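A short write-up of the structure that comes next.
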Amino acid sequence: MVNELEFEKPLNQLREKINELKAFTTDSEVDLSEEIAKLEERLTRLEEDIYSSIKPWDRVQLARHPERPTALEYIEELFEDFMEMHGDRLYGDDHAIVGGIARYKGKAVTVIGHQRGKDTKENIKRNFGMPHPEGYRKALRLMKQAEKFKRPIICFIDTKGAYPGKAAEERGQSEAIARNLFEMAGLTVPVICIVIGEGGSGGALALGVGNHLHMLENSTYSVISPEGAASILWKDASLAKQAAESMKITAPDLKGMGIIDEIIPEVRGGAHRDIKTQAKAIDQVLLRSLKELSKMDEQSLVAQRYDKFQSIGEFTKETV
Amino acid sequence: MLKDIFAKKKKYATIPSEHDKNDVPEGILTKCPKCKKIIYTKEIYKNHKVCLQCGYHHSMNAAERIECLADEGSFQEFNQHLTSENPLGFPDYLEKLEKDKKKTGLNEAVVTGVCTIDGHKTVLTIMDSTFRMGSMGSVVGEKIADAVRVAEDQNLPFIIFTASGGARMQEGVLSLMQMAKTSIALKRFSDKGGLIVSVMTHPTTGGVSASFASLGDYNFAEPGALIGFAGRRIIEQTIREKLPEDFQTAEFLMEHGQLDQVISRLDMKQKLSVLLSMHEKGGESW
Ligand SMILES: [Zn+2]
């Protein structure tokens, strides 16, 4: 099977067996319906077992699944009249970030997202969803535009990280990311950020300073990839699985730490199994968020964002 | 009146073509400068002057542009009687203006007014490169700045289609200052939340590209349009290098982050209409 995930192997083996039996019954006179029913029951139970005890490393695999729906696919499902806008007005147009204006339930919004490709050709065009400074500067330009026209901003986060390259450094990758954090803090319109795949470090956060932050159930958000962490901490990238556990990078982990607002439940087996149903789940949370935030005035939006991020961090104060 | 502009124009003029060596009968047929196909002029006009074969956008004058964008009969022109003086006493300037007035039926290189696009009311400003190469002198600057003021006063969007060789040499520094005059008008309008849409058409160069043409909340261009600040020849002489074929085309600018979209003329009205509608108040709250 193409793109088979390690933890789904037992399920696929069982499914194969059921299919074999079914094929056998149609070709012969033997009645195996009882056996098949039993196996199907077992499959259901196994599915429940596997998907209810999904491990962090399994989620990493799901978040990186090549067929996982991308920002543009969700935009297509959730919005009408999307008009993509290009360019940072400074240097280039980064295809690793898309953005533009669209209608959500009839009203105008600005939508921005990291954009991966789904095949090699598109991945090359989109630089595997790893932005250069011009991507972040385009995003900021569109956010400022949204602010001018008083439109809410919705960001879809899905990147392994900002692109580690020579040209990116020359053009100020750090400045571009920093500028976004700084400017997003002051936006006077609602900002809602949703992690839909991988939330890779600063490159993800540069679209992530929102009033509300939500994560799809099987998405991840971390300071570094599990492979990167393993090689830095233990000088061994093969310990990525272990790092994924220790680093607390899953949606339930982040919810537990009070960093995200809501976990958006995923279709069983991952968002790629059924994008329409997945989009509906996002739609519900997005609408709830917008309803709540659109009641707030400009000042309260900025203040809420300030408070939200000021409260993050764990420490003890020693008593003197 | 706009009617006058139409009246003075032949209904189907020959589209000038650089490679046309009189091998095509005047008027009835037009040879596409890009794909070289010879097509009935009438057919090209029916297709908003876009080549049916290769999509080449033949240039349009202001009247044609208004006809294909504004809802029928909705365009009301502003300041149609403003005409240039000869502030520097430049030899032959007034004669040249007179000649172009006769040739084009226009008083100057820009037509400004208000209209509806699919029912959305907007200020619409169209530059016309057939008048003095669309160059910007005092009248062009004043008409554009005044159109911005109307948009500001009446709370309307401001849409401009640019086509210009740049500054009007014969008006010297007065011409240069129109860049600042128009930009300052746009800044105040923008600060009040005004919507600015710029559509750059062939050619948009020099002082026009370095002022209002680049100041849209949305900057669009027509395919293949030449857009740039300095002329190709000047750049080549300065850097002593041959420039790539696509240098300073709309597509080149798009790749370099300067444009939101390159929009075919065939989609222009529909896209502007959607864009305008998304900037109108209304819709239930969530
Ligand atoms: Zn052609």
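Even glycines carry a Cβ here, placed using N, Cα and C.
Noted in TrEMBL for the protein shown:
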type	residues	note
BINDING	B:CYS32, B:CYS35, B:CYS51, B:CYS54	Zn(2+) binding site
DOMAIN	B:28-286	domain 'CoA carboxyltransferase N-terminal'
ZN_FING	B:32-54	zinc finger
Quiz prompt | Counts by DSSP class (helix H/G/I, strand E/B, coil) across the zinc finger (B:32-54) | solution = 6 helix, 4 strand, 13 coil
Practice problem: Around the recorded Zn(2+) site, report the further residues of that chain (criterion: Cβ within 8 Å of the mean position of the Cβ atoms of B:CYS32, B:CYS35, B:CYS51, B:CYS54; site residues excluded), sequence-ordered. | Solution: B:PRO33, B:LYS34, B:LYS36, B:LYS37, B:ILE39, B:LEU52, B:GLN53, B:GLY55, B:TYR56
Quiz item: Within 10 Å of the Cβ of B:CYS54 (Zn(2+) binding site), how many other Cβ atoms can be counted across all chains shown?
Solution: 13
Self-check item: Protein Cβ atoms within 10 Å of B:CYS32 (Zn(2+) binding site), excluding its own
Solution: 21
